[in-house]
Amino acid sequence: MIREAGTIAGFTGAGISTESGVPDFRSADSPWMQNKPIPFQLFLRSAEARREAWRRKFTMDDLYRHAAPTRGHLGIAALVAAGKMPAVITQNIDNLHQASGLSDKQVIELHGNGTYATCLACGRRHELAEIRTRFEASGEPPTCEACGGIVKSATISFGQTMPEGRLRAALELALASDLFLVLGSSLVVYPAATLPSLAKENGARLVIINREPTPLDEHADIVIAGEIGPILSRIANDL
Ligand code: NAD
């Protein structure tokens, strides 16, 4: 199918990063599940919620700071380099597709990026190291030095609107594809999980590579119930 395809849309979830030690979201013992997520409205309303969000963020960053691209990320990068995949659509926030060599244009991040922060008022980018120094010195959640606005990790929280441009770019790629390749996603987070079905309804073949069943398995042309690392290594070698 890869050989026959003109345009492949890659679609990745937390499962592509587990090989590098970053746990996924829904598996047993996932650290992401140990704390109730802080919804966007609460983050805006409460300085205490913002303080807690930054405390959690820096704790997690310390745990996963050595994460490196996996064989899955490298396989995707090989498909992009071969001219088969214009971009990968990802639900991940870990920046590992870029770390595998893809440009920002080649990665459509539906849920943002956790390796930097932005001001919610003026959009200015803030580096985490500098925010952390300020936070640890003052104990106060960071605000923007330029405009005084609230600064937040550049990820999309529960209840926060997804940037329209990114969703549109993902939809365009899904509809342009003749092969839609899902890697390591439970396919239960919406609206991201609508993309494989839309591609399929538009005539693309749908392939799902995931170690556990997903709600879309019955609509897929192929389901490979296995580990992403060895499968993508083989694909990259064959390319
Ligand atoms: P998910 O945790 O809901 O699903 C991951 C799926 O990948 C599971 O079905 C799991 O069985 C499978 N999986 C895990 N490791 C695998 C491997 N090595 N080989 C094959 N399959 C494997 O993740 P999701 O669907 O991406 O949704 C979770 C949400 O949480 C997303 O919005 C994502 O942004 C966020 N999240 C991101 C990260 C990250 O950036 N690395 C980590 C955790 C959560």
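Cβ coordinates come from backbone N, Cα and C, glycine included.
All annotation found in TrEMBL is predicted automatically rather than curated by experts.
What TrEMBL says about this one:
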ACT_SITE  HIS111  active site, proton acceptor
BINDING   CYS119, CYS122, CYS144, CYS147  Zn(2+) binding site
DOMAIN    1-239  domain 'Deacetylase sirtuin-type'
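Positions of the features from TrEMBL, shown on the structure.
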| residue | record | Cβ within 10 Å |
| --- | --- | --- |
| HIS111 | active site, proton acceptor | 20 |
| CYS119 | Zn(2+) binding site | 20 |
| CYS122 | Zn(2+) binding site | 11 |
| CYS144 | Zn(2+) binding site | 18 |
| CYS147 | Zn(2+) binding site | 12 |
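For ligand 1, the recorded positions lying close by, meaning a CB under 6 A from one of its atoms, are HIS111; the full candidate list was HIS111, CYS119, CYS122, CYS147. The average per-residue pLDDT of the prediction over the domain 'Deacetylase sirtuin-type' (1-239) is 94, rounded to a whole number. Taking the mean position of the Cβ atoms of CYS119, CYS122, CYS144, CYS147 as the Zn(2+) site, the remaining residues of that chain whose Cβ falls within 8 Å of it are LEU120, ALA121, GLY123, ARG124, THR143, GLU145, ALA146, GLY148, GLY149, VAL151.
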